[in-house]
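To keep things clear, I will list the structure first and then write my remarks on it.
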Amino acid sequence: MTTKEKVLKMLVEAQGQAVSGEVLAAECGVSRAAVWKAVKALRETGSTIEGTTNGGYVLADNDIFTPELFSETFSSRFPDFPDCHIECFKEIDSTNTYAKRLLAECGNLRDASGQLTKAGKKYHKAVIVAEKQTAGRGRLGRTFVSPEKTGIYISVIYAPKGGITNPARLTASAAVAICRAIKNVLGQFPEACNIEPQIKWINDIFVGRKKVCGVLAEGVANFESGMIETAVVGMGINIKKNKTAFEGELADVVGTLEDALPQTSPDVPVPSISRVQLAAEIAGQVLNIFEEDSSSPAAHKAIIKEYKEASFLLGQELTVYPLIGDQKSSYKATATDIDENAGLIVTLKDGSKKTLSSGEVTLKSSSLAK
């Protein structure tokens, strides 16, 4: 890391507290003059750094997102992925679309014997992160609102040996990983320790009765083998309040993580969640759980158990849309279980059961999103 990057990292980690120039110089192994030059360079690139009377520095806006800071945070938090290819963008059309373009250009990630190709060694477990998407997508091509400085948008490329045999399992695993990440990050705030993220089958994460995150898993086929070789798993999470981004009907069903944080006093602002920290935690937890899921049947069983425990649909009366958007195909049912392949088991009014591996469900009556 450069002196500039080290100074920024230390100021971010100080969480709004002043750090003396002397301490910065000692930790960076440079002179105080070099620290001053680094601070000047950071200010010129948009960081709001204030000087204190005793010669210290305070990062006024603690939610800084830079590629260097993300890479450093990710690698220090998840050392098991030392060669992870990371790309960060200020703005992009869609992280999933970009990841699929990369895969189209580089070719297959595994050869006929299942070994990683040169491209596979680079892009298997790659992480793409953006601060803003101009063409964010959800399921079925729905628009996923992705404004800048309010959320973070991540795609992970994953090409396991043997390919993707069950996309629903992959989506369910990612949902569990995101819940773990949210709990880990919110756990640093005493007032948020009891917040429990919940899952709406199959790909939505809710906090405080509102949707804060969606997962979109897409497959890339190997035409030689005819199987889905690679998955691109996209995740968009709403972190900070934005009155103009979520208007109208969206405001009733979409929330942010900071909305869920209780304000302990009118004079005390809601804690600020670091987008860098949360993005790194989500990416790392997702990669961890994909490896975990494939390690043994017992590990997969434990993940599905965790998924079921986080689900708020079980026991609820639903409307099932086997053909999404087709009202005529819909029927009423009660969610009763989730099977080992992340299929939703529903019980119809006549007592018969069906297992859903695709489609969409909505709750009979609540303020929750579809």
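Count begins at 1; order follows the chain as displayed.
In case you wondered, yes, glycine gets a Cβ from its N, Cα and C as well.
Quick look at what TrEMBL lists:
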type	residues	note
DNA_BIND	21-40	DNA-binding region
BINDING	SER94, THR95, ASN96, GLN133, ARG137, GLY138, ARG139, LYS211	biotin binding site
DOMAIN	97-294	domain 'BPL/LPL catalytic'
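Here the features listed in TrEMBL are placed on the structure.
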residue: SER94; record: biotin binding site; DSSP (3 states): coil
residue: GLN133; record: biotin binding site; DSSP (3 states): strand
residue: GLY138; record: biotin binding site; DSSP (3 states): coil
residue: LYS211; record: biotin binding site; DSSP (3 states): strand
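The DNA-binding region (21-40): residue composition by secondary structure is 17 helix, 0 strand, 3 coil, according to DSSP.
Confidence annotation: the DNA-binding region (21-40) carries a mean pLDDT of 93 in the model.
Counting every protein chain shown, the number of other Cβ atoms lying within 10 Å of the Cβ of THR95 (biotin binding site) is 28. Long-range Cβ neighbours of ASN96 (biotin binding site) (same chain, at least 6 residues apart, Cβ-Cβ under 8 Å): ARG137, SER155, LEU216, GLU218, VAL232, GLY234.
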